[in-house]
Amino acid sequence: MDPLGPAKPQWLWRRCLAGLLFQLLVAVCFFSYLRVSRDDATGSPRPGLMAVEPVTGAPNGSRCQDSMATPAHPTLLILLWTWPFNTPVALPRCSEMVPGAADCNITADSNVYPQADAVIVHHWDIMYNPSANLPPPTRPQGQRWIWFSMESPSNCRHLEALDGYFNLTMSYRSDSDIFTPYGWLQPWSGQPVHPPLNLSAKTELVAWAVSNWGPNSARVRYYQSLQAHLKVDVYGRSHKPLPQGTMMETLSRYKFYLAFENSLHPDYITEKLWRNALEAWAVPVVLGPSRSNYERFLPPDAFIHVDDFQSPKDLARYLQELDKDHARYLSYFRWRETLRPRSFSWALDFCKACWKLQQESRYQTVRSIAAWFT
């Protein structure tokens, strides 16, 4: 007579099953949360985030905190083993170079070597006798050595003597650990920083400033063929004087500048383009790496490459055509509507090393500078 009697055990069984399923769901959520938290703490950074870790094993507590530092950005002590080319340079705070950036204590006082978190070694200043000019071989625990050069492989001697000494590379090469190009283009918008190009002030055609002549070099041989068809004003040693104080004023009178590199290597695009040509508002005529290499750093219509012409005579004819066609000549300046050139400074390069060291604590050894750089 009791219709509910047989249904009671079934109701209890369903209730137990629901409880077990709920506990299982809670467990799955908990372990999923635990794994995500663990991955965020020790794994690769998620897209859009930067993993910032303190340098482990830094010597003698040199990561002291100051008013600009935070736990994520320790204030490191960086030693310049020599001034670049033995010439002292100003060392402003890195936060002054890039507002809001972290700071390091950067010094050329070799007495701080035992406390330094990192040592920057400028290759040119040690290359003639590396064994005698390098820092002491017994380095403090965790100290990182940075190999630094803005010269091309053709002008870097005794690279093989540096095997196993360094932890990071720093150069104009884009595949360096710390990339320090001679120049770059910075996007901008709004009113032009410079007044529009005054074409009437461009009273001369082609200039070239060269300090190391090298009669057998590719650039001198090309110039000698070019000047047979086109007048080129040459400045520098054994040529017209070009005082540093009036250099930009002089070069800005020219429509074109021969930005010919002293040696041909990937990414080796120097101040000859970034300062001598672009800062003078002259169209650079380049001889260096390939056009495609230049186009990694410049719009294709910002320069003229010698490889675009079958001969120096053809290049001369093209420059003479542009001299008479103002519209075509001015087309080489359109990129300046949205971009502006910037040139390197030693201080900014040292700050780039500071920021790299703060962001990456990984300790590595560069087995062979020579194998990588040449």
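Including glycine, each Cβ sits where the backbone N, Cα and C put it.
Annotation comment: Swiss-Prot describes N60, N105, N167, N198 as N-linked glycosylation site, evidence class sequence analysis. According to Swiss-Prot, the topological domain 'Cytoplasmic' annotation covers 1-15. The topological domain 'Lumenal' annotation in Swiss-Prot covers 35-374 and is backed by sequence analysis. If you look up Swiss-Prot, you'll see 16-34 marked as transmembrane segment, on the strength of sequence analysis.
Looking just at the topological domain 'Lumenal' (35-374), the mean pLDDT is 88.
Of the listed glycosylation sites N105, N167, N198, the Cβ environment within 10 Å is emptiest of other Cβ atoms at N198. Taking the Cα atom of each, N198 (N-linked glycosylation site) and N105 (N-linked glycosylation site) are about 44 angstrom apart.
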